[in-house]
Amino acid sequence: MTQPSLKSIRDVDHMVEPEATVSDAMDAESCDAPITVIERSKPWQFVNLGELYAYRDMLRFLTWRSIKARYAQSAIGVGWAVIQPAFQVLLFTLVFGRLANIDSDGVPYAFFSLVGLIPWTYFSNALSGGSNSLVGNASMISKVYFPRLILPLSDVVAKLFDFFIAFTLSMGVLLFFGRLPNSGILMLPYLILLMMVSALGLSLWLTALAIQFRDIAHALTFIVQLLMYASPVIYPTSSVPETYTLPGGWVIWPQSLYAINPMVGVVEGFRAALLGSGPMPYGWIAIGTVTATVTLLSGMMFFRSREKVFADVA
């Protein structure tokens, strides 16, 4: 049996090339396929808007899926978007308007509660949906990469579908009874944006906690109820004193503290625009805007800081 010559060994060594590295593959001129590099951003960084825009189709898909899932296998369908606030208006009018005789700033209590429930129903539904968005999509989180912010954002956007149905029908009811909107209606687009920002900001905090601490889901019902009683849904803001003197002579301003809740300015703004119950509460809206902005920005930072554990605990 002949031994291989030195020349043959050199030829074989020349033919066997070392394994290509990642950098070699990236530098190869023959590699035409695009390469996507995913890097985890620093927790303190805010949302990458460019990345969100790149995943806009996924946001659109999840939003539409949320809308369809809400009424899947439902005999009444989108009629529930009307039945829920209508039943609440009837209940509030009987209990708070008739029995408790709560003041409604000179407006019939049925109209007073109707207009207050339009933005509040959206806020409560968006907050509930957004807060459960990560837990409800746990399997998706553990299998594929996408900006996690899309999940609560899609729920907050999807709830606008119900909002505009209820708003349109409520406007029809008010017009039928001769309640015409005033120039304050020009503020409605901003008020709608403010209630969306408020719901999204609080949802980011709660959903980032809920995926690890499932107690949040049980506490959410109480949180929503507490926020409703802390908002002028069943009573007017005028029932909150403007000033209050504490023992010792200290003076506080309860209405200004009350307006820290962004939904105070939103609900009273809707009433001012649609019922003419008073001037547009620009001061309360400004205070609520600051609160909603701080909640949203801090919620984004907290959400991003918790992203690294989402897939592990999902």
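If you go along the chain as it appears here, the first residue is 1 and each next one adds 1.
The backbone N, Cα and C atoms fix where each Cβ goes, glycine too.
Record features (TrEMBL):
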- 75-97: transmembrane segment (TRANSMEM)
- 76-306: domain 'ABC transmembrane type-2' (DOMAIN)
- 109-135: transmembrane segment (TRANSMEM)
- 156-178: transmembrane segment (TRANSMEM)
- 190-209: transmembrane segment (TRANSMEM)
- 216-235: transmembrane segment (TRANSMEM)
- 282-303: transmembrane segment (TRANSMEM)
Highest-contact recorded stretch vs the transmembrane segment (156-178), from 75-97, 109-135, 190-209, 216-235, CB pairs under 8 Å: 109-135
When counting Cβ pairs under 8 Å to the transmembrane segment (109-135), the leader among 75-97, 190-209, 216-235, 282-303: 190-209
